[in-house]
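One structure is given here, and the rest of the page talks about it.
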Amino acid sequence: MKKKKRSPLFRRLNYFSPIEHHSNKHSQTTREDRDWENVYRNRWQYDKVVRSTHGVNCTGSCSWNIYVKNGIVTWEGQNLNYPSTGPDMPDFEPRGCPRGASFSWYIYSPLRVKYPYVRGVLINLWREALQTHQNPLEAWKSIVENPEKAKSYKQARGKGGFVRAEWPEVLKLISASLLYTVMKYGPDRNVGFSPIPAMSMISHASGSRFMSLIGGPMLSFYDWYADLPPASPQIWGDQTDVPESSDWYNSGYIITWGSNVPLTRTPDAHFLAEARYKGAKVISISPDFAESSKFADDWLSIRQGTDGALAMAMGHVILQEFYVNQETERFIEYAKQYTDFPFLVTLSKENGVYTAGRFLHAKDIGRKTKHDQWKPAVWDEQTSSFAIPQGTMGSRWDGQQKWNLHMIDEETGEPIEPRLSVLGIEDEIGTVRIPYFSNDGNKVLERDLPIKKMNLNGEETYITTVFDLILANYGVNRGIGERSAVSYDDPEPFTPAWQEQMTGIKKEAVVKIAREFAQNAIDTDGRSMIIVGAGINHWFNSDTIYRAVLNLVLLVGAQGVNGGGWAHYVGQEKLRPAEGWQTIATAKDWEGVPKLQNGTSFFYFATDQWRYEDQPISDLASPIAASSRYKHHADYNVLAARLGWLPSYPTFNQNGIDLYKEAEKAGAATPEDVGAYVASQLQEKKLKFAIEDPDNEVNFPRNLFVWRANLISSSGKGHEYFLKHLLGTTNGLMNDDSDSIRPEEIKWREQAPEGKLDLLINLDFRMAGTALYSDIVLPAATWYEKHDLSSTDMHPFIHPFAPAISAPWESKSDWDIFKALSKAVSDLAEEVDMEPVKEVVATPLLHDTMQELAQPFGKINDWSKGECEAIPGKTMPNIQVVERDYKHIFHKMTALGPNVALKPSGTKGMSWSIADEYESLKQRLGEITSDSVAKGCPNISEAKQAAEAILTLSSTSNGKVAVKAWESLENITNLKLKDLAEEREEECFTFEQITAQPKTVITSPAFTGSEKGGRRYSPFTTNVEKLIPWRTLTGRQSYYVDHELMMEFGETMATFKPILQHRPFLSKRPDQEGKEIVLNYLTPHNKWSVHSMYFDSLPMLTLFRGGPTVWMNKDDAEDTDIKDNDWIECFNRNGVVVARAVLSHRIPKGMAFMHHAQDRHINVPGTKLTNNRGGTHNSPTRIHVKPTQMIGGYAQLSYGFNYYGPTGNQRDLNVVIRKLKEVDWLED
């Protein structure tokens, strides 16, 4: 019989009953009701568990179990069935963090975007226009070509006023804008931005595929985020390849340099702790006492931005003690085979003093060989003459199968012994000029250098080796003259005593750690590691900092060794199933010519930040150079676009479709004819690049899609410039361009445009900053509501996303949204009877193609100045022709096109057939049966089908493809390599398999390490062990980069460059109110969010101050009467932030931290400086583009999407901080 439930009143009367005690009153009998336990049981009950992950660019890519009850996600928990790492190694689990554990809050939060929304002003204009114009394109034209109408909805951005709309209506509006733009201005005025595909590959590929099919450019992100380390392409010819976090455990000595591992790599931090338990020594280099400092045996509190000085001094010690005072055999042999130390460099002589020039090549020494301008020479000790070693860039492309690191002369086939130095065979000890940079003015150092004289081609030629130049550069005392440091106490650049003045670190500590780092490499055979990160990568001169740091791992032979080398972790960059993803994301299966634009250049011009440059580029140039080519940064970008170094979309001041018609009318019958026509029009200045007049309305970007990103409030460096010039809405910019530097190559328009974009379309599941400024917001599915894939460099697995619940309300997955949009575009093209078109497309000179041999010797020849002929694909961009039929966009979007079978697949210069895999996908995915252009193709209409296709077509997830890939590389190198993948040749990952349990990827030449036999992944191990060259000019790791522009800026070798000198205001500034202080403004990663994600979630907001904060040193705050938790204004001419002050002794004096991506929709009051709310963390920022990062068409310095290009750095700036006099929430 069921017990009758008593009322709460009677239950309370139990407290008056006597209590029965036992065991000397150590226990008692109670009669309380235990029904409350059911609440707990119900809370943790569930109907099903689904494996998924988080797509948030945290680099974690952790596997999570999602628990569902009655169709509601109730909680998530860490998955525990990762494959074992093997004996004597810690396992990967547990992986996760409190941020990820709180994600399910978003699904049902007030921030959830549940329906499509359109700005009210815009939707009313659209509805009225449709009543007047039957043709939707004419309806859209009547809005955007009417200045008053366009201004009315653009000025409403960021000010609310959204109304709910129906999917068909919204899709038609977007489609009309897209097709109108295609016909009026050109397809390249429709732009897409979505970052970090590895964090959710299918979602990224959905929009990228759509943009590629309609001819719109995709913007890069890795460089724009300043996550890209440009030094990696410069040194290795590789974007970024780093060890998985488990490889830290193999290390014997670890330096964390600008990387706060416990905070930013939370799921992986246990490996660092475990390595230390095992006996590894850990050094922390950080200005503040960061979380990573608590792991350390030694903490070097460095002055921010001076890391390059410390690294140069450490390099000085290692070179002095382990190369000169006593030659370390392992280091010497490593340097000869795997670095460019023995390669010969030419010298020019003027007034008895020498200057380093370019490499000596086969052409210079009279060797008759293919690509003789791309084969640098060494001095062979065995023959006492020149030799051309195998493995150079020229041998990569000459078809002779000699692209390997065997120490053999490629012409004679004889073994060689490269000489590291010409000292001992020199003809002279001369004086070489070395550029030196400081805030007190750049100057020239004179150093002693051994020099050999040779008569080549009838001319006296002076040569030395890279090794000799490096020793001179570091000021190492070789006993050959008096122009070097006498001891470590000598304040000459770059000694330990010199760096102490720069960094504040005692010279004794520098000597000690440099010795330990090198000695550990000797004792452990190279297991010395440096973990680097955003702390040193977000500066203007991050590449010179990194080169100085990375020289250390090269000097001790640590690179290419498990437990050694560099470990750069900024951004979830490693997309492991690369070839399959690339095929689908760029629509190579159909079109084959994607437009891949570097993001930094795009935003620099689109937001008009180029108009506000105030520091002449000549201040940054080498004191050895006669002068800088230009005074304005933007001029170098124009040069880069003109010479084919960088992409530039929009490309021309003319619609690419109309340009093709003109070329055809002029008699062009082939793509080559079209290229010649375009080149002639450019030379005659009848046609111009759009970048030469970016403020002309015909050159504006018109439609911008943003998905999987919070561009406006997270990554939009120069936030207020975005609001003013790109969006045309209320902004907090306190800068003007009246006294800025004027460019030479760009037309200056006195009135800067405001509101360039016609539409900003955002796909998101939460109403974040970008959504609040968008014209249209489309409701996206969360990570627990769709099929997708994720991978990272931190572990070797590919993780799935899976729908624990169906996408609620009217939300859709990104794949389904772009699929629906492609249908709408095709339907509208049918409705207006849009004919197929042909478009002229310009693409840059690409890395890993023959185009990286386009411009020999690193010499700049500008056809626009008459220095050479304009030749497409050689001295200017490639010119191609692409046909598009907008009626077929939907059919192509949802089918895997025939090019997969007809054309080779590949990556990094390799290629192979995947026709068999294409046929197997027809069987597994089904074929398209509709009577369309896609009939008979594999069906990828669903996201899961697209994921299966990616896994099947990629060498890291399909063993047969991996073997084909290695065979392709064997054909180039004449090495035996496919054994790296043969043991797993029969494996082919499926979505169901990786859902059941994570699988370690297959070893592939798409990357440079090996997972064979359960090995922990470490980069460049296949280069070292298998003798595969690096993809650089010499085929080796580069200490010396000899491009003319690198010489202009004094960066042929690693050096120290101080941070830019920035003043918060120039001629005009707001009135001073009370006490103020000027501080260096840094925006490191946040403890309570991952970028802007989780910042606005209730669980994370409750853990700290519940809104935006700025961290200050307590003494700096005391000087300005600021107390902890006071409201402050943090501002300069770029914008203003209003936040609470967090005072801490862990922050050094002279700097302020504002953790990045604190969105402005949570607890942000107003400021009288702008009479508006405070801005985002990026309001005080403005980007600075660096010319040396624009180089292209030259070996490893050639363009690749997210591979090389100027970074969106933002740290070289200062702000004024003062107490906010009155907190005004602007609610009246």
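Quick reminder: no glycine exception, Cβ is built from N, Cα and C everywhere.
What Swiss-Prot annotates here:
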BINDING   HIS54, CYS58, CYS62, CYS97  [4Fe-4S] cluster binding site
BINDING   ASP227  Mo-bis(molybdopterin guanine dinucleotide) binding site
DOMAIN    47-111  domain '4Fe-4S Mo/W bis-MGD-type'
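Here the features listed in Swiss-Prot are placed on the structure.
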residue: HIS54; record: [4Fe-4S] cluster binding site; contacts (Cβ under 8 Å, 6+ apart): GLY60, SER61, CYS62, TRP64, GLY100, PHE103, TRP783, SER790
residue: CYS58; record: [4Fe-4S] cluster binding site; contacts (Cβ under 8 Å, 6+ apart): CYS97, ARG99, GLY100, THR264, GLN572, VAL1090
residue: ASP227; record: Mo-bis(molybdopterin guanine dinucleotide) binding site; contacts (Cβ under 8 Å, 6+ apart): PHE221, ALA534, ASN537, VAL570, GLY571, GLU573
If you count CB neighbours within 10 Å, which one among the binding-site residues CYS62, CYS97 has the smallest count? CYS97
Extra residues within 8 Å (Cβ to Cβ centroid of HIS54, CYS58, CYS62, CYS97), [4Fe-4S] cluster: THR53, VAL56, GLY60, SER61, ARG95, GLY96, ARG99, GLY100, THR266, PRO267, VAL1090
Arithmetic mean of per-residue pLDDT over the domain '4Fe-4S Mo/W bis-MGD-type' (47-111): 95
Helix, strand or coil at the residue listed as 'Mo-bis(molybdopterin guanine dinucleotide) binding site', per DSSP? coil
